[in-house]
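Copied from TrEMBL, the annotated features are:
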BINDING   PHE93, GLY94, SER95, THR102, ASP107, ILE108, ASP109, ASP161, LYS222, TYR231, GLY240, VAL241  ATP binding site
BINDING   ASP107, ASP109  Mg(2+) 1 binding site
BINDING   ASP107, ASP109, ASP161  Mg(2+) 2 binding site
COMPBIAS  1-10  compositional bias 'Polar residues'
COMPBIAS  635-645  compositional bias 'Polar residues'
DOMAIN    14-208  domain 'Poly(A) polymerase nucleotidyltransferase'
DOMAIN    213-357  domain 'Poly(A) polymerase central'
DOMAIN    360-420  domain 'Poly(A) polymerase RNA-binding'
DOMAIN    424-498  domain 'Poly(A) polymerase RNA-binding'
REGION    1-28  region 'Disordered'
REGION    523-543  region 'Disordered'
REGION    626-645  region 'Disordered'
TRANSMEM  229-248  transmembrane segment
Amino acid sequence: STSRQQNQPQGHYGLTSPISLAPPSDKDHIHTQKLIEAMKPFGVFEDQEELYHRTTVLGKLNNFVREWISELAESKNLPPSIKEQVGGKIFTFGSYRLGVHTKGSSDIDALCVAPSHVERSDFFQSFFEKLKNQEEVKNLRAIEDAYVPVIKFEFDGIEIDLVFAKLSLPTVSDDLDLRDDSCLKSLDIRCIRSLNGSRVTDEILRLVPNLENFRLTLRAVKLWAKRRGVYSNIMGFLGGVSWAMLVARICQLYPNALASTLVNKFFLIFSKWDWPKPVLLKRLEESFLNLPVWDPRVNPSDRYHVMPIITPAYPQQNSTYNVSVSTRAVMVEEFQRGLEVTDEILKGKSDWSKLFEPLNFFQKYKHYIVLTASAFTEEHHLNWIGLVESKIRVLVGNLERNEFITIAHVQPQSFPGSEVLYKQSGYVSMWFLGLVFKKAESAVKTNVDLTHGIQSFTDTVYRQASALNILKEGMKIEATYVKRKQLHYFLPAGTLQKRKKQRVSDISQNNSGLQCKRSSLGESCLDGSKDRDSRTPSNSSSLNKISKLDISTAETERLYVFEVVGGMSFLISWPNSKSQVSPTEMEATVALRTSGPPIGCTIPGYNTVCQLRTCFVQGQHKLSGTLITDPKSASPKQHYSPTSK
């Protein structure tokens, strides 16, 4: 297939006719049935009761939207003839619309389509307030600054991600068809992005040759991606729509194949794919609307996308804009593992359950960064972690651009903090990033300076929170460097032990060979992360225990020195393994704490910035700190010891 793609005329981007039209064999049917049986324990198939409940909730939400739009027409004094027919409609997209919704997964991507008299500000103000007053609505929050602005909430137990688009029409009828490009006429770019979710989903369904085989294959691929930690658009991996397009492309290449064969071909094709050659379901099309579309021949910025998967509906866009060098390297490694496992399965040497064994993330790396976001109240915490989570890929990009870092791998799942952390900081969520450093090639001491990358990330989050007016007292970001053996201070023993038991094999850190050219950071126009906190109780070990990391003399090739200035940053340095390092020098103190936002970000009633600095002088590690308060209420400097809170 690779040679056939390379022989395509320039400009066709590797589109090929079907590779195989062979009908499925009896063995294919048997393997597909075994695949279904292997997926059942994971609840990937929804039951009728859940389906009925979601359908009921969507009906209620649709009526709720129509009622709000009618009330808005009344308040804006529209003519009576218009007020009676303004309409309004809810469209679904993503997994629910594709028909691959899973049991127990209650989230639905939805689009609110409104007539021309409804403004985006109305959606985020009056509609938001109307939702807030409903007893059935829980965990309500708005994310206006997102690439696709969204309101997230729970409606009668069903999680809804609702985006908004207004059309250049006085009314919105029940039989509105969004597939017609004319519905995009005279719309602003945010409305076009919102509409694209529904338009892309419908186009995918139209382009696949066999819906039943497509859906079963997609269920298997999504389950695999979640189990292996590569399902998260917001974290720089792939979201649901991107995985759907990859599966749809395989279905086009093997139109008669059953799911068991399609899963194997999925890994075969994409483990050998010549990235950044794009994946397309159909040729790029022009339109009378002249909207910007993805085309590296015209747009220089498109040439830096590292893993382009192009949406089939006009205006065609790259759905994987968030993918970076590190996340692509991690996914390619997983494709290669998937190919090895499915080859064994089809040869009868293994079974399908092996494909869905989870990634042992907490044993994979030697070095980790723990990123902690906390807030005093649950409402503030929801807003805060939503913003922090949406920017973690920026931190990944900053880290991987460091010449001494090969891989910065973020675990998409977040974890709750311990009871001790809750008492200290309120509601807490933690994310873990695994790091792979290049080994020093000479005896000369190498300094790996992460100060700028981490400080840039925290400044970005704080400034955006301040600009959105959601920055409240008690909102903090903290980062801590730990080695693998210190992870038990942050995670419950059950989590680490469980993952260790589930470990299939010790995946060696061969990521160093996965070198890529350049990362491109941004936000996708199609879907957001559906990853939620596990909310399982963590152990009660205090993070203060980690304030002093004892680096054993057995690992004398590494020496870590941390530097914290203006909130959160650190410096790591180590001599070559041949260097002689005394036990005294092998002890370091970590003091990674962010007490407030950078200068220029004001919190009502709170304007304190803590500056900490650790330094290594003549084999002795010292920590000094200064608490700087508002000049109007200046107080004497307070000094902190390494063991202080």
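The count begins at 1 with the first shown residue.
Positions of Cβ are set from backbone N, Cα and C atoms, glycine also.
Spatial neighbours are here defined as Cα atoms within 10 angstroms of one another, and by that definition the neighbours of ASP161 (Mg(2+) 2 binding site) among the binding-site residues SER95, ASP107, LYS222, GLY240 are ASP107. Taking Cβ pairs closer than 8 Å, the transmembrane segment (229-248) reaches residues 94-95, 98, 100, 197, 200-201, 204, 207-208, 214, 217-218, 221-222, 262, 266, 270, 279, 281, 309-312, 319-320, 322-324, 326-327, 330-331, 334, 358-359, 361, 389-390, 392-393, 396-397, 410-413, 521, 523-524, 526-531 in its own chain, all 6 or more past its ends. The 10 Å shell around the Cβ of LYS222 (ATP binding site) contains 21 further Cβ atoms across the protein chains shown. Helix, strand and coil counts under DSSP for the domain 'Poly(A) polymerase central' (213-357) come to 74 helix, 6 strand, 65 coil. The residues of the domain 'Poly(A) polymerase RNA-binding' (424-498), classed with DSSP into helix (H, G, I), strand (E, B) and coil, number 31 helix, 23 strand, 21 coil. If you average pLDDT over the domain 'Poly(A) polymerase RNA-binding' (360-420) in this model, you get 90. According to DSSP, the secondary structure content of the domain 'Poly(A) polymerase RNA-binding' (360-420) in residues is 29 helix, 17 strand, 15 coil.
Over all protein chains present, the Cβ of SER95 (ATP binding site) has 25 other Cβ atoms lying within 10 Å. Annotation: ASP109 carries the greatest number of neighbouring Cβ atoms among the binding-site residues ASP107, ASP109 [cut-off 10 Å, Cβ to Cβ].
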